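Take a look at the structure below.
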Amino acid sequence: MKLCVTVLSLLMLVAAFCSPALSAPMGSDPPTACCFSYTARKLPRNFVVDYYETSSLCSQPAVVFQTKRSKQVCADPSESWVQEYVYDLELN
């Protein structure tokens, strides 16, 4: 029992020091979400509720669509349907 308490305490201590909030220097930007591949299919427009563009720090540009089911789907910003969806979302 004493060993379990010691191991659990040690694991909690390690987890606290490995926390992303503690490992980043103060004032630094949060981790950036990047896309490494795009969806091969056009999403149904009624599934998409929001979008954002990936950071310029990413290796390739992307538009990330948020779906009604809270999924995030990476899309190629040069595709015409992606540009149409972004335009439509900006208007609404």
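Using the three backbone atoms N, Cα and C, a Cβ is placed for every residue, glycine included.
When Swiss-Prot is consulted, the disulfide partner of CYS58, picked from CYS4, CYS18, CYS34, turns out to be CYS34. Set side by side, the disulfide-bonded residues CYS34, CYS35, CYS58 differ in how many other CB atoms lie within 10 angstroms of their CB, and the most is found at CYS35.
Under the three-state DSSP scheme, CYS35 (disulfide bond) falls in the coil class.
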